[in-house]
Amino acid sequence: MACRSGCCCGSGPINEDNARFLLLALFIIVYLLCGAAVFSALEQPKEREAKERWAQRFEHFSQKYNLSKKDLNNFLRNYEEANVAGIRVDTIRPRWDFTGAFYFVGTVVSTIGFGMTTPATIGGKVFLMFYGLLGCAATILFFNLFLERVITVIAVVLKSCHERRHNKAVLPQNGRRVSEGGQASGGGRGKAEDLSGWKPSVYCVMLILGAAAILVSCCASLMYSAAEGWGYLDSLYFCFVAFSTIGFGDMVSSQRVVYEGQTTAAYRVGNFFFILTGVCCIYSLFNVISIVIKQVLNWLLRRLEAPCRCCFPKRGHHPHRHPRRNVVAPGHLRTRRDPSIETDAINESETDPGRRMSGEMISMRDFLAANKVNLAIMQKQLSEMAIGHPRQSSSSSRQNGFSGGVGALGIMNNRLAETSVDR
């Protein structure tokens, strides 16, 4: 299935990008089916029990107060309408004063959408569509810029640690550097070149971002447990649902009018700070995890291509086969280099001319490569137009092994490349 050229093992040629897409789609479908089976087994008995309990209470209440079931159902429908407008049995903060509206627009632009507050008027619904269009786009840009700065700090710290280990490794017993000696100058230059092209492993970056997200979630859970009266596990559950912008709405923070035993304003500020920080951390972590998933898919594609080698007379290089891009084996299967934060952007020299010879439709990547336009160059030009001054040349990033990209992945590549040059 994953053959990049024509092969007798399959019905036709499938390029690498399409094979990766199909493999990822299959993984998501299987993942959804497994998740549905697990949640159905866990939650369905609780749902049936709740339905039986409600039916008994409904029957008891209608008989006790001599009410018809039709009238009682109409009353409950009226309450559901009031509930949508923000009316609750317990006293809660106003939904549409300035502070409540500010909380609402924050959940809109961050795409959390708890659902406890929704516009009820036609004007509010129409305004929300235009307001969310610009606000969500601006917030995603903010998350990308936050990711850029996080990756910069992580790269600087990791590179400093790597330089210290490198300097200790090249110091002989007399206290001089090996690169300063005449006989060891070649080895010193080789190590210096390795150091200049060094970039942090994606697994290390993922570990650091994961630790930061866990730390923020644990601290926020302590605050929510004390202020809202939730259990600690419930608070952790709320943190993940809110920080990942899932936003079910079953648990919403900062909804009481006054919080006893503490300053209400201070708690609302802390709630805003933790939600903002948590969303940024989880967003960055999701982007790095997506790179790891892509590397695993590349490794699986390489494993799936192994049976197709029988189609060739030798196990060596085939004239119509070209080296794969971004094929990184996870864990102990890595052989030549550690995986780093990369994307699929390529230079003109890496374009596979045999793909169009196989009869498949030309892709956008082939079109851009044929016209000598690289995605990284396009991104650089757009960035220069936006900030008003040119950035560093992309040649240094190519020398350091960084490839370009668009969006959050491109931001990580560019910041890692600039850090390796500046250091």
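Just so you know, glycine gets a Cβ as well, placed from its N, Cα and C.
Noted in TrEMBL for the protein shown:
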- 93-150: domain 'Potassium channel' (DOMAIN)
- 213-294: domain 'Potassium channel' (DOMAIN)
- 386-408: region 'Disordered' (REGION)
- 21-42: transmembrane segment (TRANSMEM)
- 101-122: transmembrane segment (TRANSMEM)
- 128-158: transmembrane segment (TRANSMEM)
- 201-224: transmembrane segment (TRANSMEM)
- 230-252: transmembrane segment (TRANSMEM)
- 272-293: transmembrane segment (TRANSMEM)
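Secondary structure of the domain 'Potassium channel' (93-150) per DSSP (helix as H, G, I; strand as E, B; remaining residues coil): 41 helix, 0 strand, 17 coil.
Packing against the transmembrane segment (272-293) from elsewhere in the chain are residues 24, 106, 110, 112, 143, 146-147, 150-151, 202-203, 205-206, 209-210, 212-213, 216-217, 219-220, 223, 239-240, 242-245, 253, 330, 339, 341-342, 408-409, 412: each is 6 or more residues past its ends and has a CB under 8 Å from a CB in it.
Counting residues 6+ beyond its ends, the transmembrane segment (201-224) has Cβ neighbours under 8 Å at 150-151, 154, 158, 230, 232, 235-236, 238-240, 243, 253, 267, 270-271, 274, 277-278, 281-282, 284-285, 288-289, 291-292, 295, 338-341 in the same chain. Outside the transmembrane segment (101-122) by six or more residues, the chain places 84-86, 95, 128, 131-132, 135-136, 138-139, 242, 245-249, 252, 254-255, 272, 275, 279 with a CB less than 8 A from a CB of the stretch. Under DSSP, residues within the domain 'Potassium channel' (213-294) fall into helix, strand and coil as 59 helix, 0 strand, 23 coil.
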